[in-house]
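Some notes on the structure that comes next.
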Amino acid sequence: MQSSTYAAVKGNAAFAFQRRSFFSNLVSRSATTTNGIRFKPLHSSASKAMGAKLARAENGIHSLSSVKARSGRAQASSGGGGGDEEEAIPLRSEGKSSGTVLPFVGVACLGAILFGYHLGVVNGALEYLAKDLGIADNAVLQGWIVSALLAGATVGSFTGGALADKFGRTRTFQLDAIPLAVGAFLCATAQSVQTMIVGRLLAGVGIGISSAIVPLYISEISPTEIRGALGSVNQLFICIGILAALIAGLPLAANPLWWRTMFGVAVIPSVLLAIGMGFSPESPRWLVQQGKLTQAEKAIKTLYGKEKVVELVRDLSNSGQGTSEPEAGWFDLFSSRYWKVVSVGAALFLFQQFAGINAVVYYSTSVFRSAGIESDVAASALVGASNVFGTAVASSLMDKMGRKSLLLTSFGGMALSMLLLSLSFTWKALAAYSGTLAVVGTVLYVLSFSLGAGPVPALLLPEIFASRIRAKAVALSLGMHWITNFVIGLYFLSVVTKFGISSVYLGFAGVCVLAVMYIAGNVVETKGRSLEEIELALTSGA
């Protein structure tokens, strides 16, 4: 998620930009991940209760492991049954694991790179492809080319969860490579607007599926102690994908037909994603949920080492993932059992979108010009570099400070940055420094966003959702993200025209303050706890 939406929401606004001349800025320079709607708030007391339950769950799992270990030894000493009893003894290894997850996280992140690249590639290419396809004077069709990606992403995000539940995570990645590759190929070879739109639509379906399954897969295969760092890598690679698209557009001035190559090169990582997932292990959590214990043991051995097999299979089974409970349907997400936690995930993405990230990106070029930075490429690079740097810092802090602390810090910093931006446009006492303050406010905002509001929601969702609903709940939240993204892009300019950019920035600052209050009272810290411990805590007593 993936993030992941600077560019996406900006593209959405294409329909509102029909009479404006900055189509070259339709796609953002950086990415936000990924988003939702909160219908029923959790009270502060509920948050505290959840925190207490997390602590009890962790102790309970350790106690359960101890009891089962003693039980296994008793059975073995009584002479009943041969070798099976020995396998029942948990094998806890305190030493270095002989498995590794990094190569498979890297393969999954090809989906994140493609996510960012497809979002950003049209930014530089639109002007040139419009001339080549004969629609240079048709803002409506240019808007369709940009926004078709968002329409496809909405469909793909809702589809990704169902595919991941039915076929597994790795097979869904391979299926996802089909629209990603075909869409890129159609865009690169398009001789008509219709073909280009179909190609963008298919690519959108592909990035929509990626936005759901990349963070899902990474969270499910990552060890608890580094899950936060690895989960935030998704956002980092989305940013890298968008920067790659920006760099890919540099030869356009010398070669106007280069836009076809820009779209075509996206076929390569799509094929590599499909091939790489053929060698990647399936999520052990999904395999245990499907009752495929032999395959789960093999996957755990590859990911964590053979010394972890018995321990992790037992813990996954204890969490309820190996039971005969039927697979959750879409309506189960709205049941009293799950809706509280689903609403938290959805609300985080709603705050992410309404906190003003798209406004900052839309106006970054004009803000930098007011400070004497005339180059659009320089402005794009500065915003993008700020986002990449902030995301890299967040990755290193995710498992130290925790998700909740980063969210609070992030939204707090965004509120102050928005206030600074608003004052720089209106306060006459600051008129002499308005350009400099606006640039400082923009960079600080992007840095604050990338520290938490960007990467954390997509990481936190797979952590707080029970395994039975995880894929569909992530897909629902990301689907709401894309819809919100589209609506904001469609009406943003109208709101700015009516109220003024300074007032809009002030409103965004207010949203950031509300986000801080909501997160403080409703979000539970998940740092250092396994997905099974979190699931037990959030579902017990529900």
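In case you wondered, yes, glycine gets a Cβ from its N, Cα and C as well.
Note: TrEMBL annotation is automatic and uncurated.
Your range for transmembrane segment, going by TrEMBL and the list 175-196, 197-218, is 197-218. Across 141-163, 197-218, 437-461, 499-520, stretch 141-163 shows the highest tally of CB pairs under 8 A with the transmembrane segment (473-493). Highest Cβ pair count under 8 Å relative to the transmembrane segment (230-251), across stretches 197-218, 341-365, 405-425, 437-461: 437-461.
When each of 101-121, 141-163, 257-279, 341-365, 437-461 is checked for Cβ pairs under 8 Å to the transmembrane segment (405-425), 437-461 comes out on top.
If you count C-beta pairs under 8 angstroms between the transmembrane segment (101-121) and each of 141-163, 257-279, 437-461, 499-520, the highest count goes to 257-279. Annotation: stretch 197-218 has the most Cβ pairs under 8 Å to the transmembrane segment (141-163), among 197-218, 437-461, 499-520.
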